[in-house]
Protein chains: 2
Amino acid sequence: MSLMKIGVIGGGQLARMMIAPAVELGVEIRVLAEGEGMSAQLAATAVGDYKDAETVLAFAKDVDVITFDHEHVPQPVLRALVDAGVPVHPGPDALQFAQDKLVMRAKLAELGAPQPDWAAVADEADLRAFLDDHGGRAVVKTPRGGYDGKGVRVVSDPSEVADWFASWDGPLLVEELVAFTRELAQQVARRPSGEVVAYPVAETVQRDGVCAEVIAPAPKASEKLIELAARLGVQVAEGLGVTGMLAVELFETADERILVNELAMRPHNSGHWTQDGSVTSQFEQHLRAVLDLPLGATDLASEWAVMINILGGPAEGGLTERFASAMAAHPAAKIHTYGKDPRPGRKVGHVNMVGDDLDDVVYEARAAAAFFA
Amino acid sequence: MSLMKIGVIGGGQLARMMIAPAVELGVEIRVLAEGEGMSAQLAATAVGDYKDAETVLAFAKDVDVITFDHEHVPQPVLRALVDAGVPVHPGPDALQFAQDKLVMRAKLAELGAPQPDWAAVADEADLRAFLDDHGGRAVVKTPRGGYDGKGVRVVSDPSEVADWFASWDGPLLVEELVAFTRELAQQVARRPSGEVVAYPVAETVQRDGVCAEVIAPAPKASEKLIELAARLGVQVAEGLGVTGMLAVELFETADERILVNELAMRPHNSGHWTQDGSVTSQFEQHLRAVLDLPLGATDLASEWAVMINILGGPAEGGLTERFASAMAAHPAAKIHTYGKDPRPGRKVGHVNMVGDDLDDVVYEARAAAAFFA
């Protein structure tokens, strides 16, 4: 007998990491996977194309809510679910802001949320004008489909995205190149009935456009910064009508401003530290939020939590041995793996470490993760 | 791609609670369930009779190790697995001590482990002699098959177990009635290759022979008691050749002695607090131990951890509502449910709560669990 039934579209590691809290809460979890042998295989009850409304509607029968491993389900499919009376969280109105960065920028501007200067540019002339106004360099993004640094280029001349202008249907997004001092991530959860909670803001370190490390709370963050980030996260969640987890990736500037960089409406890599570092993990919180159950406490479980991503090395040999070596050397490290075949650069797991001395925690987390490099 | 494959015999809540750490570690977990819709249904890859060697051998094909949700797999079936070259942890030699309390008492005596006075009694005359030597009252147990207070009677006259003498094949176990001040539980994990770790000893509170509450570490425990209990746990694990988790239930006496009451060679109700109160939960530790992976840290995650069992109320109505009410009132409480239909007295879940103030933690854990009463 399960408490409730949740259907997750997408079989990646985010769906996988919802399994543990679902089992503990007593929530039945069903996954619509893209294929066999996906990361969330254990909970996969269907395999099919999430772009196909019929497939998704069949999967959604007899669950209490539909939620997501990713933000790529097309709007017509989302609308078909809603029309069929299926609760969908986050819903299509919110998800459009995560699906299209131009739509997001326009909405954040309307909300008055702090963000980099930006423009929709239809051609090289538009982009040249923006570059001229912003010191000759800027970030160009395809409005849809980018992730982990893909679909993002820093340019100083419009010709550097000539291929995108030639192939992309519609305008591109250009943003000022923010001279940030560091990147932060604010996790927030919101229920359909309105309750909203914020986690302590974390510092994120990116390498080659991919999240490498997260430290929570963000070191040396003033009370003011922590409050500012939490308030901004709540403002965005409420303003965009987000239900479930929201990750707001932020730039912090030298003059202590924070600017919205990216949004994700689901558990996010920048919040994996909560699995071992918070009273309520972002995965449990997402389940509670989309099921409209009361939200869990977001207090830290220790003074510090550090997350280090494991990027898959060579496909050949030795993951089990490296795993055992990491465990032997670091018995307090929490190693999470995603059941994915290792491939260079692929996220195949992460290490969480918590404790009261930041230097120790960082050192040990990195040392444990290094066994997988 | 999974790190390793583990096969669990038995589909109860202990198997269920192995699922979360298996998913996070990247270990594939397969369960041989007794029927459809068991607590560990999500990981059930087979349904069948664990007393049937053929069924169990078929299930054990292609896993790296076989372990257990319970201790009831018959010795001939365990031996058949070993003969077929399947790693079995704990193995049959160790499990016999958990399966037969007379065999356990004799072995503990051989090890010199402290335990209550005991005897094997073949008839009412034997039992009368023991009663006469021990103040006229004693505890009589059927050597096999008892749990949660079943198979245990406090007697002052042999006639009170006349039915057992008439029906039981072989002698009964009689134990002195220990004037204990409280009950404790010592959790220990041991790998096949020999590594062994101990958790801080916990206090357990039983009601009607069923575990009701656990507080870790045991309040007001002296350094000496904590060391004594850990050493005894390790001694028993090594002396009995246990692999995996071992729970040693103990009596503490007014003169600060500890005596072995019962043993369980698996994750045990008295160790559920470790899910939220320790760096490594007993379920993760059991997986690591039986897979012969390096063991995890057994440090407390907070100063105190409290576990309260949820015993199923009336079959009718309202579990979801009670769940939501408990969550709303106690956002830091960790509620674990087992996916079992509620029945009076049945263990259907538990609440864990951690923190730095024992009174607060106990109060809040009880208050959260009370929503399910």
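For all residues, glycine too, the Cβ spot is worked out from N, Cα and C.
As recorded in TrEMBL:
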type    : residues                                                                                 : note
BINDING : B:LYS101, B:LYS141, B:GLU175, B:GLU176, B:LEU177, B:VAL178, B:GLU183, B:ASN261, B:GLU262 : ATP binding site
DOMAIN  : B:105-291                                                                                : domain 'ATP-grasp'
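Structure with TrEMBL features highlighted.
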residue: B:GLU175; record: ATP binding site; contacts (Cβ under 8 Å, 6+ apart): B:ARG105, B:PRO116, B:ASP117, B:TRP118, B:ALA138, B:VAL139, B:VAL140, B:LYS141
residue: B:LEU177; record: ATP binding site; contacts (Cβ under 8 Å, 6+ apart): B:HIS134, B:GLY135, B:ARG137, B:ALA138, B:VAL139, B:VAL154
residue: B:GLU183; record: ATP binding site; contacts (Cβ under 8 Å, 6+ apart): B:GLU203, B:THR204, B:VAL205, B:GLN206, B:GLU249, B:LEU250, B:PHE251, B:GLU252, B:ASN261
residue: B:GLU262; record: ATP binding site; contacts (Cβ under 8 Å, 6+ apart): B:LYS101, B:GLU249
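Largest Cα-Cα distance over the residues recorded as binding ATP, namely B:LYS101, B:LYS141, B:GLU175, B:GLU176, B:LEU177, B:VAL178, B:GLU183, B:ASN261, B:GLU262, equals 19 Å. Taking all protein chains in view, 24 other C-beta atoms sit within 10 angstroms of the C-beta of B:LYS101 (ATP binding site). For the domain 'ATP-grasp' (B:105-291), the model's pLDDT averages out at 96.
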